[in-house]
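Now, the feature entries from TrEMBL:
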type	residues	note
TRANSMEM	12-35	transmembrane segment
TRANSMEM	55-74	transmembrane segment
TRANSMEM	95-112	transmembrane segment
TRANSMEM	118-138	transmembrane segment
TRANSMEM	189-211	transmembrane segment
TRANSMEM	223-247	transmembrane segment
TRANSMEM	259-278	transmembrane segment
TRANSMEM	290-307	transmembrane segment
TRANSMEM	313-331	transmembrane segment
Amino acid sequence: MHPFWNTIVKVFPTWLAPNLITFSGFLLVVFNFLLLAYFDPDFYASAPGHKHVPGWVWIVVGILNFVAYTLDGVDGKQARRTNSSTPLGELFDHGLDSWSCVYFVVTVYSIFGRGPSGVSVFVLYLLLWVVLFSFILSHWEKYNTGVLFLPWGYDISQVTISFVYIVTAIVGVEAWYEPFLFNFLYRDLFTTMIIGCALCVTLPMSLLNFYKSCKNNSLKHNSIYEALVPFFSPCLLFILSTAWILQSPSDILEMHPRVFYFMVGTAFANITCQLIVCQMSNTRCPTLNWLLVPLFLVVVVVNLGVASYIESMLLYTVTAAFTLAHIHYGVRVVKQLSSHFQIYPFSLRKPNSD
């Protein structure tokens, strides 16, 4: 995609701040998530016998998804073009990307949704974790090797999904009911693509780069424990959220799948942002993210047995708390970096130039 991005970036004026491009792309991803949340709140809109999402919505989502992906690709080029590359830009870019994972996956889910021709909410939960671990794997690699390798599986998925959105608007969701090959359904192709990109591209390339760095004695952390510390909090998040699902007296994932996905994705984004800050500053990654403490308490309470409305209140409360905490963390870090480097986050002007 670099030849395409090199052409697109020339369209932007040189006074346009790269971080503003990054943030604009992120807002488009969030808008797609909210748009389909309105038309498909419970992921049943694509199921047979239900009112489907209007065709124009798929066109809008497809176009905006590709535009957001393009903006995510050109922001770094704009930074180099305007000689404005800073650690703030790197954190801003990858930090928002970590939060975009949940928006992207959950929005794609509406193509197939639940029902006999779709994917169960628990399978989608597992697929979400495949994407999340694929994302953090690249940053774990940089934490240990000092080099960030972004596999092209991400590019394949973004271009393909944008195309599928447009196709869905043309042929309708009913087209995905039919078998793709023999008894292999399109929903199976969806899950196979996600798992295949993770297992065949992201994981082997990260392990290969880690092995090369180890062989060249260029690893930043010599002990196995220190090398694996960034995985502790994500793994604990996975264990706690899965335990909540399995022990839920009211089947919380079936009742509020969209909110539950968002809660997990937001906690994961906060964990990843802290890892990115550590890899940029050459500091040790924290072993435990404090957001996991209230989640652990909620899982304990749920395991003791609570009424369905109380469990729903707990989910919404934890989700709101995680969202506010993550936004607060992001704003605080951006302010600190902006002050340290004497820059405005959304402008190329220097504070002392006023």
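The backbone N, Cα and C atoms fix where each Cβ goes, glycine too.
Caution: TrEMBL annotation is automatic and unverified by curators.
The stretch with the most CB contacts under 8 Å to the transmembrane segment (55-74), chosen from 95-112, 118-138, 223-247, 259-278, is 95-112. Long-range contacts of the transmembrane segment (189-211) within its own chain (CB-CB distance under 8 A, at least 6 residues past either end) are made by residues 108, 111-112, 119, 123, 127, 130-131, 133-134, 137-138, 140-141, 144-145, 147, 149, 151-154, 156-157, 160, 180, 219.
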